[in-house]
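Notes for the one structure printed next.
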Amino acid sequence: MAKSAQGRKKEPTPMMRQYLEVKERYPEYVLLFRVGDFYETFLDDAVTVSAALNIVLTKRSNGSAGEIPLAGFPHHASEGYIAKLVTKGFKVAVCDQVEDPALAKGIVKREITDIVTPGITYSDKILDDRHNNYLCAVALFKRGREHLAGVAFVDVTTAEFRMTELPVAELKDFLQSLHPSEILISSRDKELRDSLAKSMNTLFTVLDEWMFSAEQASQVLENHFKTHSLKGFGIDGVEGGRIAAGAILQYLEEAKQGSLKYLVRIGLVESAETMTLDIQTRRNLEIISSMQDGSLNGSLLEVIDRTKNPMGARLLRRWLLHPLRKLEAVVQRHDAVEELLESDSMREESRQLLGGIIDLERALARIATSRAMPREVRLLGSSFALIPQLKAMLASCEAQRLRHLADRLDSLPELAETIERALDPEASGTLRDGGYIRAGYHEELDELRAISSGARDRLLEIQQAERSKTSISTLKVQYNKVFGYYIEVSRANSDKVPEYYEKKQTLVNAERYTIPALKEYEEKILTAEEKSQFLEHRLFQELCAAVAAEAASIQKTAAALAELDCLACFASCADEYRYCRPAMNEGTELSITGGRHPVLERILGADEPYVANDCRVGSDQQLLIITGPNMAGKSSYLRQAGLVVLLAQVGSFVPAESAEIGLVDRIFTRVGASDNLTSGESTFLVEMNEAASILNNATERSLLLLDEIGRGTSTFDGMSIAWSMCEFIHDRLRARTLFATHYHELAELESRFERIVNFNATVVETADTVIFLRKIVRGASDNSYGIEVAKMAGMPPEVIERAREILAGMERREVEVPTQREAPPRVVSQQISLFEEEESRLRKALSGIDINRLTPLDAMMELKRLQDIALGKSKA
């Protein structure tokens, strides 16, 4: 007996069963399912995609299982839609039809052909050609009692692949400087993900724990690099980094990324060679983004990035975040910049050539993974043709670094010549359109094309012959995709059709036929076209394989070109901005004459010339206490010193008349503060955390830039902390320090410590305002001019007047400062009233007066005494 409709099991359609099977394997991905000319999404994915892409959400029948949500888009527009999804943080799995639907028996076979995530993408619609796009992995482990993190990162678009190990406490800072688009973490380390996610707007992907095993990692790395040992890469002893690198390779292989053979090397992050810049320093110095809105505008990078090639732009960004610490390396860059600066013709010619070279790194990655179009390969070949000129110029240079770059350049003449012979520069440049292989490159392809191109003439011959045989002058030989080639005869002439005509289709006003000769030629034409397309594609794949086989040489050449671009960029900046070559040494002196802030001077322009300042800090004046009002230039002075040092150790010339710089191992900054609400930290706690990190990590070779330490708490607490920090820096760290403060009491330190010196930001007072000269000069300031600044800001007059009254009262109070280091300023735990002490004295004086016995003269005398008490002239 048949089951009722209600009791029958609800079954999805065969295609939906296929979809659900694939989706089960990729639950965390938006699954794009190819159906004819569309990519469709179903169920929850459809709802997600509809909202993310702002496309229509509709429904589709799912057999007895009812209707399901559906959203989709045309396959030819897929790149743009996928880019939008990935930019919004989604991971996308592309499931394509892998057999001809016309030949399929049952459901068309489908497979995952590509995976696109924020960390795995080659699309120009997603990538910024001036930024690296890093995929990172983190592996936590212990060595003895020490908790460490192994970190590996790769940019699949440039083949940069490196690793390191570091204490877990330094992990967040390292990752924030790297700014990866995606971070891989073991399922056992989900707490780490939750912790990092609070401060990083990055996609975290959790992988199975087995993918982070040491044994698995070694096997994966050795298989990939085709070696029995990793010692040759210098990473054999970096177990945590190897584990992370192994996880990355496994993730890429599972992500259907095609051949990864172009990832030909892996290296270590050489922490001893470069300076570490923590997040506070990167932010406060506005190295790659401004503090105002996080954009490039107003940053150091915006000012000095005059690179001509995306490879150079990406390297410049990395250089700025990792200044050099080795004197020889810094001097070599300065030598190269100086030679490029002195030779205008060589500098400009090299920059022009660099501008004509394609992004070799990203082109190679797309070619090696079968994602490139013929046009990109052709541009690669034409780029090789420019390299001999650059190589010849650099080989004749005196600077050792420039000659070294010449040695690393390889124009690959044989490959370039093959590309030139193979690809037609006049072709459309897409694989779909064909015609991109030059005529004369391959004999068989030429023959097949001849058959196809001669088809029209042959068809006209058949048409003319049949018109003669049948006496039907309107007879036509035509073609469509459904019926192929056919002969069309009008209904009026159908009685003249010979018996050997085989009917194919009947229309309202015509009949369509075929004949043996037409069938034979149709098969020949279609076979030739099919063979031609297949052969052309095969030849292109062979050409791409030849390019990929030279991956190591191309990457080495690309790295040399990027470095040349950066050095020429520095020379161009030095020429245009009047930068000088700094004298570098191993000492601990910092002496800048006529120093300028590289960003502010560009913003101000010619209408308001930037006020240059000298800065000398070292063995005899190690700690500069800088006082003065807001808006007078103290913070800019601090940042200016930091940026001059950073530029020098990156290899650039610097904005100054002259500069002598003893190498710095770290630059620390504490400028401004804000609440860290996500971590439950107040402004003052954030400030103290940053200050503690500086005191615990700085050395004698560090540069400390400290602004308004202690302002996040009460006056006396803050001043005590600032005072104590100055003592600690002077006595223990002995680091070069610029210390800007509103605590004028700190000026006392100069008389008590041999290497502490006072400076101040000068102002000129007029009758009703103050003028900030933005000049830093010797000596202490005795006024912060805060009320004048408030007045300039437009505070109501009554607020300004009341502030003056309160200030006058507060200035009559004396703050005791320690006479010895062991006796810090006395801390007042409570402040009942602004004039608590004055009120107490006045109360005592008033209570002791016997009004009934006062003569008029006595009353006048008592009034004078009370006035003196109020003005602080008497202690009562």
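The backbone N, Cα and C atoms fix where each Cβ goes, glycine too.
Worth saying up front: this structure is predicted, and the values here are computed from it rather than measured.
Summarising the environment of Pro629 (ATP binding site), the number of other Cβ atoms within 10 Å of its Cβ, over all protein chains shown, is 22. Per Swiss-Prot, ATP binding site is recorded for Gly628, Pro629, Asn630, Met631, Ala632, Gly633, Lys634, Ser635.
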Listed in sequence order, residues not in Gly628, Pro629, Asn630, Met631, Ala632, Gly633, Lys634, Ser635 with Cβ within 8 Å of the centre of the ATP site Cβ atoms: Ala740, Ala761, Phe772, Arg774
Ser635 (ATP binding site): tally of other CB atoms within 10 A of its CB: 19
Sparsest-packed of the listed binding-site residues (Met631, Ala632) - C-beta count within 10 angstroms: Met631
Other CB atoms within 10 A, centred on Asn630 (ATP binding site): 17
Candidate with sparsest Cβ neighbourhood (10 Å radius) among Gly628, Gly633, the listed binding-site residues: Gly633
